[in-house]
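K.L.:
Structure incoming, see below.
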6 protein chains.
Amino acid sequence: MRPSGRAPEATREITLTRGYTKHAEGSVLVAFGDTQVLCTASVEAGVPRWLRGKGQGWITAEYGMLPRATHTRSGREAARGKQGGRTIEIQRLIGRSLRAAVDLKKLGEFTITIDCDVLQADGGTRTAAITGGCVALVDALQSLQRNKQITTDPLKQLVSAVSVGIYKGQAVTDLDYAEDSRAETDMNVVMTADGGIIEVQGTAEQKSFSRSELNAMMDMAEAGCEQLFACQRKELGMVS
Amino acid sequence: MRPSGRAPEATREITLTRGYTKHAEGSVLVAFGDTQVLCTASVEAGVPRWLRGKGQGWITAEYGMLPRATHTRSGREAARGKQGGRTIEIQRLIGRSLRAAVDLKKLGEFTITIDCDVLQADGGTRTAAITGGCVALVDALQSLQRNKQITTDPLKQLVSAVSVGIYKGQAVTDLDYAEDSRAETDMNVVMTADGGIIEVQGTAEQKSFSRSELNAMMDMAEAGCEQLFACQRKELGMVS
Amino acid sequence: MRPSGRAPEATREITLTRGYTKHAEGSVLVAFGDTQVLCTASVEAGVPRWLRGKGQGWITAEYGMLPRATHTRSGREAARGKQGGRTIEIQRLIGRSLRAAVDLKKLGEFTITIDCDVLQADGGTRTAAITGGCVALVDALQSLQRNKQITTDPLKQLVSAVSVGIYKGQAVTDLDYAEDSRAETDMNVVMTADGGIIEVQGTAEQKSFSRSELNAMMDMAEAGCEQLFACQRKELGMVS
Amino acid sequence: MRPSGRAPEATREITLTRGYTKHAEGSVLVAFGDTQVLCTASVEAGVPRWLRGKGQGWITAEYGMLPRATHTRSGREAARGKQGGRTIEIQRLIGRSLRAAVDLKKLGEFTITIDCDVLQADGGTRTAAITGGCVALVDALQSLQRNKQITTDPLKQLVSAVSVGIYKGQAVTDLDYAEDSRAETDMNVVMTADGGIIEVQGTAEQKSFSRSELNAMMDMAEAGCEQLFACQRKELGMVS
Amino acid sequence: MRPSGRAPEATREITLTRGYTKHAEGSVLVAFGDTQVLCTASVEAGVPRWLRGKGQGWITAEYGMLPRATHTRSGREAARGKQGGRTIEIQRLIGRSLRAAVDLKKLGEFTITIDCDVLQADGGTRTAAITGGCVALVDALQSLQRNKQITTDPLKQLVSAVSVGIYKGQAVTDLDYAEDSRAETDMNVVMTADGGIIEVQGTAEQKSFSRSELNAMMDMAEAGCEQLFACQRKELGMVS
Amino acid sequence: MRPSGRAPEATREITLTRGYTKHAEGSVLVAFGDTQVLCTASVEAGVPRWLRGKGQGWITAEYGMLPRATHTRSGREAARGKQGGRTIEIQRLIGRSLRAAVDLKKLGEFTITIDCDVLQADGGTRTAAITGGCVALVDALQSLQRNKQITTDPLKQLVSAVSVGIYKGQAVTDLDYAEDSRAETDMNVVMTADGGIIEVQGTAEQKSFSRSELNAMMDMAEAGCEQLFACQRKELGMVS
């Protein structure tokens, strides 16, 4: 049985709160159970140097955890003078995933930075960040259109992400910390609303996994992302 | 008149929310109007090397702003690889101020780190951080007593802080960003609940200030801190 | 057709050269076609602080590219003062993968560092590094046994890795740079010699991929790793 | 009684030596007793990026202590790879204070950097740095006029600074290290020659201070700055 | 007698292998016995900022050692976040030495970076790097001419370097690690093919050395460089 | 003719002022003409980790230039976050040179750090630093003996250093900036009082130099160091 008592295919309670802070073009608090991540989308004119003059925009992401988002305090990265390997790995994943949601040509020479800051961690922070970050991104794209800075909608499709894993031999979805820290395999899957796969990252933690376990996890991921897309559409007032 | 329409001696609405996140020994969301700071207090056994064996504890503070807490996005300090001068100045002030609230001998060889992370900024983040950080600190001290890690209460007195200034020739209290960015003088005052002064930092921004203006600002600060102490006591359930 | 003219399931020529340099306990030059990586395994007594006293060893990896391993020179990470995000991502992958090859309890309190330095890059440097690093690791484990520093063989199984992808709609294996830079999807798969999966990292580069494409790539990966295990066993003089 | 035997209102011997080194546009060795600080003012054409095109100049300051300026050697900041929090706090104070001396519009697009390097420390290095830095700044402004780079004098007024404090219950001025390290309260006050206050930074070190102690310290500061202005005027050959 | 059994004036076996890797404009593996250094020369259009518009080019060098090039593993400089003092000293020497080989005016506004990465160290890595780097540089200069990017040959003369020293009271040439680590004096000499001296760096390791010992070492260096020039010319197909 | 009008063999006026600052165990201001360097020697109990338990002491050096020691201001290394290559090269030279003056076994487990900070630069700062640093070192050694921390004198011999060069075809000694910046060859020579050579570092700046020029420079260096030893002995009150 899962520590939380959930069924294998049950995600935690998912909430998305738009307009959580007031300055950003998009600002979403996303909660996957006790995991809470504040995702803001900031629009800036211009693109990084290596993209200049190519007539396209850029989406990038940064990730951070407040020092006491976790059970025990971890050192502040700003004070230690560099971002850790895990942070860098995660923010690269978020950036790649969200770029898949957008037609960068239609975005034009704007850069949108998605900041994902974990207020409270209980497993699945990167998948929550992608799911919430996508909603903040949509708000930022709409702000650009409302302000007549761009004329067409660059959004190609919604993107969401869920963690799946093998826990006590059983495929499960949306692992919390208690489960995640003891799972045999942990896999993050990023999908598009039309059922395409953007990213798969599966890691054997205790022992290797098999093709059939990989398939069982992928089934779980597809079902989990369906639920996440429904939450995103509802919060955004989109017809599914 | 003040941009907010407030009377010179009126602070913004102050709210203190204990237990805002679940892992920290103390976790308080403090709001001074639209300024929102998450203050957590983390207890760790042991003290910094230079204090070892002296039979006393230590209180330290770290401060950060989420990149889009402000009107325009500012670079993430963790990504830039160092904390800016303003950040360092502020976290040193918070640490000094909160150490004044505690009898470090009674604390014993524990270190309490107060993390103050600004979710949304609208002026006065450092004074909100000190005021909210003090409540988180009290919760952490009570947790130590509850767990029998220490036997007497190290709290000497509550500490709070307010910004005051000269705006259009008039002394005002608890400046928001609109006021702060145009004030002639900006001063932060940290006080103890028994009326003592812990720290005074006044800076002439546009032109120098006089002894009588200094006095008028100090009067404002005393009145403002009184209100803050009442908020702290109410949230902590302390008899005033 | 593939730029190299290879059949979809054909890897490049794979060579593994043991004893490439003289100081390291294991030193292997691995070539996947024009991709050349020097993998050394260095044994040091002791383990990182957080593992001390747990009666187990540790395997870690570091990765680097010589500045002119690539078509155009990239800045030296040592001179820039930090390792880039890609480097960190890769060396974490190599470390996780090679730890799966070893029973860390049997290793005892030794740390083995696998340094993977790319002399020439033509796609697939991380999979070459894992495949070659595993052979260097085996040599280091044998050196520990030869020197009577440990008494049982900590090797659980060989580990190898191959990149697969979707190129012009077709699943292909062991992509070189010409292919890799234009592939629709790029996936790295790490496997154990008994057919288990250690790590799957698939990224949609141009457009999302489907479950059936994922399956086709996994089939390719299994076949590719079989070839790699044969090369490893041959170079190590192991009976397959 | 004070450790030095001085009367409460007596400063140490103050000396200002212009032209101490030969390359800088202004170069002043300032001594407050045994505290010796070399202040140089360097003129450069242009302003920081964020000020370009605004038709004004900029004054900034940097502060450092030679490693053995103090009783025991402290690590060289250049070797440790960053400036400490105290250094940053002090150099920001010096910069703000000296900008108050100058009409930045009249300065035009020039940047003047005031370097304050402590050769020997015995308390009060930041107030000595401001007082000596102001004289170096005046020399640099005169050099700009002499060279016809600017046509009007940007100097608004002299600025000086003194430390005051509460020592054994008594307000005292210009604390040396022996006093400073045991004072109950330590306050730095920066003033303009016409009696205005530029900056007040008071910190309770042992116990909080009262409004009447604040007033007593301000009285001391005003008297102390009067003496410093007299020294500055004399060294600059200005009629008081 | 020398640990290697060599005669005092005998260098180790010297080999220079051009075209060692495929991407760089020049790529040479140089071996002085067991010391192996990969030297690549990379051409980039443009010069550093401080040289722009002066109608000349620039030659610079970077040096690194693979972590396990040595008897025991040394920390990777990229991971530690900075290059060590020895590395910086060596790469500055290589750069200065190779600039002496070239007429920078004739090079025009191109920058050539010589990367010298030590694959295996056994003493004399910096002299091997200069000697091999010069051949890589010649190849890069020829590539510029072949591509019609420049019209005249900027090569003024070949440059090579050898280490000499006093070992057990005897002047010897091309010290290997066993000798180098116990020599009384260690000196590196860089020369031009016409017999001029570019750089002399002699350091007394155990005791000071005399003018006559300096002379004996210089004689050794001249003879050693003669052999190196012959190897360079042979590998480059130049008539001596 | 030399820009200064000096004869080829004439050094600038050399002054050594002991006791220049009050905290350090040794503190010497050394002037070679307009070049002024403050050299302090700081004694600390203990040695670096890699020397512990070997029954010997350690001498190390750090070098810095005040930002406006030079004609134009150079960035403060502490603010830029790292020491430049030139600084590192120089401080390693100073450390090596001064270690040659001392019997480290007799020093016992103490570390002496020589800080050399350039107040004003006019060529030859590294040779001034070695010459002045040696006197500060002698004072620190005497302080250790006076305090009965060691019982025998670790000083083996005085060490001094002078720059020599080829200027307009003529060997000259103790070059000032005007000469140094246009010299054909620049060489720094460190010697012991008994005539031994500790270090030779000669660099061809404009064109290579010959063996006879090397000899002429060495003759100049021997004569120059003789004068420096006389100055050191006189300031230290030693019989020559």
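Placement of Cβ uses the backbone N, Cα and C atoms for every residue, glycine included.
Curation plays no part in TrEMBL annotations; they are all automatic predictions.
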K.L.:
Considering the phosphate binding residues D:G124, D:T125, D:R126 given in TrEMBL, which of D:R76, D:R80, D:R86 is annotated for that site as well?
P.N.:
D:R86
K.L.:
List the residues of the same chain that sit at least 6 positions away from D:R126 (phosphate binding site) in sequence and have their Cβ under 8 Å from its Cβ, in sequence order, or write 'none'.
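P.N.:
Same-chain residues close to D:R126 (phosphate binding site) (Cβ under 8 Å, separated by 6 or more) are D:Y63, D:I90, D:L93, D:I94, D:A161, D:S163, D:N188.
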K.L.:
What are the other residues, in sequence order, whose C-beta lies within 8 angstroms of the center of the C-beta atoms of D:R86, D:G124, D:T125, D:R126 at the phosphate site?
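P.N.:
Everything else in range on the chain: D:Y63, D:I90, D:V118, D:A121, D:G123, D:T127, D:A128, D:A129.
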K.L.:
For D:G124 (phosphate binding site), which of the three DSSP-derived states applies: helix, strand, or coil?
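P.N.:
DSSP assigns D:G124 (phosphate binding site) to coil.
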K.L.:
Just counting, how many other CB atoms are there within 10 A of the CB of D:T125 (phosphate binding site)?
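P.N.:
Around the Cβ of D:T125 (phosphate binding site), 26 other Cβ atoms lie within 10 Å.
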K.L.:
Within 10 Å of the Cβ of D:R86 (phosphate binding site), how many other Cβ atoms are there?
P.N.:
13
K.L.:
Summarise the model's confidence over the domain 'Exoribonuclease phosphorolytic' (D:12-140) as a mean pLDDT value.
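P.N.:
Looking only at the domain 'Exoribonuclease phosphorolytic' (D:12-140), pLDDT averages out to 97.
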K.L.:
With DSSP as the reference, give the number of residues of the domain 'Exoribonuclease phosphorolytic' (D:158-223) in helix, strand and coil.
P.N.:
17 helix, 30 strand, 19 coil
